[in-house]
Amino acid sequence: MKQFDVIVIGGGHAGVEAAMAAARMGVKTALVTLHRDDIGTMSCNPAIGGLGKGHLVREIDALDGVMGKLADTAGIQFRLLNRRKGPAVQGPRAQADRKLYRSAAAKIVAGQDGLSLILGEAAELLHERGQVTGLRLADDSELQARQIILTTGTFLNGLIHIGEISRQAGRWGGSTSVTLAASLRPLNLPLGRLKTGTPPRILRQSIDWESLHQQPGDEEPVMFSYLNTVPEAPQVSCAITHTNPDTHRIIRENLARSAMYGGRIDGVGPRYCPSIEDKVVRFADKESHQIFLEPEGLDSDLVYPNGISTSLPEDIQLAYVRSIRGLERAQIAQPGYAVEYDYVDPRALAASLEVKNLSGLFLAGQINGTTGYEEAAAQGLVAGLNAALKAQGREALHFSRSQSYIGVMIDDLTTRGVSEPYRMFTSRAEFRLSLRADNADQRLTPFGIDIGCVGQERRAAFSEKMRRYTAARDRAESVSFTPTELSRSGIEVRHDGARRSLFALLAQQEIPQDQVLALDDQLVLQDPAIIRQLATDALYHQYTDRQGKDAELLRKEEAVAIPAEFDYDALSGLSNELKFKLNQHRPATLAAAANIEGMTPAALTLILAVIRAGNRRSA
């Protein structure tokens, strides 16, 4: 019997990150997956990052995880989302070549010391007296370990739906995990069903590209990994088109044939990634919905039409696709489908992602009720690090909400649970002004160095960056000017006699940065990346104290009673999701409202303000 410290089941994004993290920590690790080609597969959209999600990728990278490096290797278009807004809510995103990503993932796994790849089907968890002991494979061979990480994605009792047709599978061309799912039942884990979906894949040559608006990447691409500066692969454009009233008519007339609207699906789907059927029904007043046509790779014939996931029959899929501009002669190479799967209520987990009632069993990814590669990878990292620490007899890691988006997600999952697939948004974080994508390394890399998961290359690069940053920060804070001196240099500020440091001037967006840098012959020579970081820190420095006070105020006001007749529908600042859940739960206090799934700090602040205003009026 082969013996390991940690066994990871599943080679998707959570599994790869978990296995790599455990191995980096120096424990003997096995990654069990059915096929070598499964490693790093992008089952749905060919992209990494986005709003909130890009923050997670940066945090993974700061702890020497691999998703950011893989995305940089396979990225064929890079865009910084929300570029016109503040850095706190900007999100790096990359269109990825599926084949390049999968190849890079397999290569990085093969090259990791202390990590063994085992090809086979996981059939049964072995345990005795409340402790995991190992894993039995479908060929009856056994692997021994006291720490096992389940990263099964959509494969636990996975069921694909295309119209009236259903079959067992976790994704197109794959199988499902029935025997492993059966071995979980005696553990009395709180199980539920969720669903996700994917659109049909269209042959590239059947699209009329010339009739469509092209969307190129950024001229100055922003990489995910702090170790990279430029893309490795050639860059391409995507295209944009839209549905129309004819598209919507075809869908409405065939809703009964949709697996979801025909009553064949029990699982709850992701609220913020609705199927095209959902869009047509829920947003009946909209005449069109945007579709991004995303190439699946440099040499791939397939295009991913982002925005039209579906469970309609194949003939209806073809009909509505061909009603869309640019797709009039489209050929579908693979139909869209919905997939249902088992998940575990994450409230059954500790913050380490270890199951509370079975020592040594960790869960990560979609099995915990999340959706998205990035959320899965971040959980994989947490589970991998904690499984390794447990194997070493060390204390578990705790990621706090004030420290990282990873901490926000883990806390949301393990304290609030999920009733629908969980997706990360910047609005979920109380401290989002300080939890930015640009400073993830400053927040987390020292932490990673302390626990031992950061390699020498990153340690050296981070040390050099912080040496240069600290020198620039010290210089910017020590050099100051009077209003008169600034006026002579063409910079006008209030003539109040107060000296202003270069750091304070960088925070004033109305003053061109070049003018500020020209004031000092040392600062102007600094690396542009260091200056960008310095300017961003200066900008948010004035707000972070207020952010902390706001968060503390909410904590102090948790006992505030919410009137039974409180009208949530009248609050224009609340999302429809929160209005529905607040009306459903009718929380008695602000603390009870805070524990509702999907609740945000901004929503709590709004509710508190309305209650206070009402109290003042009645006084």
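The backbone N, Cα and C atoms fix where each Cβ goes, glycine too.
Some features that Swiss-Prot has for this protein:
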BINDING   GLY10, GLY11, GLY12, HIS13, ALA14, GLY15  FAD binding site
BINDING   269-283  NAD(+) binding site
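Features as recorded by Swiss-Prot, highlighted on the structure.
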{"residue": "GLY10", "record": "FAD binding site", "CB count, 10 Å": "31"}
{"residue": "GLY11", "record": "FAD binding site", "CB count, 10 Å": "28"}
{"residue": "HIS13", "record": "FAD binding site", "CB count, 10 Å": "33"}
{"residue": "ALA14", "record": "FAD binding site", "CB count, 10 Å": "33"}
{"residue": "GLY15", "record": "FAD binding site", "CB count, 10 Å": "31"}
{"residue": "GLY269", "record": "NAD(+) binding site", "CB count, 10 Å": "21"}
{"residue": "ARG271", "record": "NAD(+) binding site", "CB count, 10 Å": "19"}
{"residue": "CYS273", "record": "NAD(+) binding site", "CB count, 10 Å": "19"}
{"residue": "GLU277", "record": "NAD(+) binding site", "CB count, 10 Å": "25"}
{"residue": "PHE283", "record": "NAD(+) binding site", "CB count, 10 Å": "12"}
To see if you understand the setup: which same-chain residues, six or more apart in sequence, place their Cβ under 8 Å from that of SER275 (NAD(+) binding site)?
GLY197, SER258, MET260, GLY269, SER309, THR310, SER311, ALA338
For the FAD site given as GLY10, GLY11, GLY12, HIS13, ALA14, GLY15, which other residues of the same chain have their Cβ within 8 Å of the site's Cβ centre?
VAL8, VAL16, GLU17, ALA18, THR33, THR151, GLY153, GLY365, ALA376, GLY380
How far is it from GLY10 (FAD binding site) to CYS273 (NAD(+) binding site), counting Cα to Cα, in Å?
24
Other C-beta atoms that fall within 10 angstroms of the C-beta of GLY12 (FAD binding site):
30
Out of ARG271, CYS273, VAL281, PHE283, which of these binding-site residues is nearest GLY11 (FAD binding site) by C-alpha distance?
CYS273
Rounded to a whole angstrom, what is the C-alpha distance between LYS279 (NAD(+) binding site) and HIS13 (FAD binding site)?
28
Rounded to the nearest Å, what's the C-alpha distance separating GLY15 (FAD binding site) and GLU277 (NAD(+) binding site)? Just drop the number here, would you?
32
Hey, how far is VAL281 (NAD(+) binding site) from HIS13 (FAD binding site), Cα to Cα, in Å?
33
State the Cα to Cα distance, in Å, between ALA14 (FAD binding site) and GLU277 (NAD(+) binding site), rounded to an integer.
29
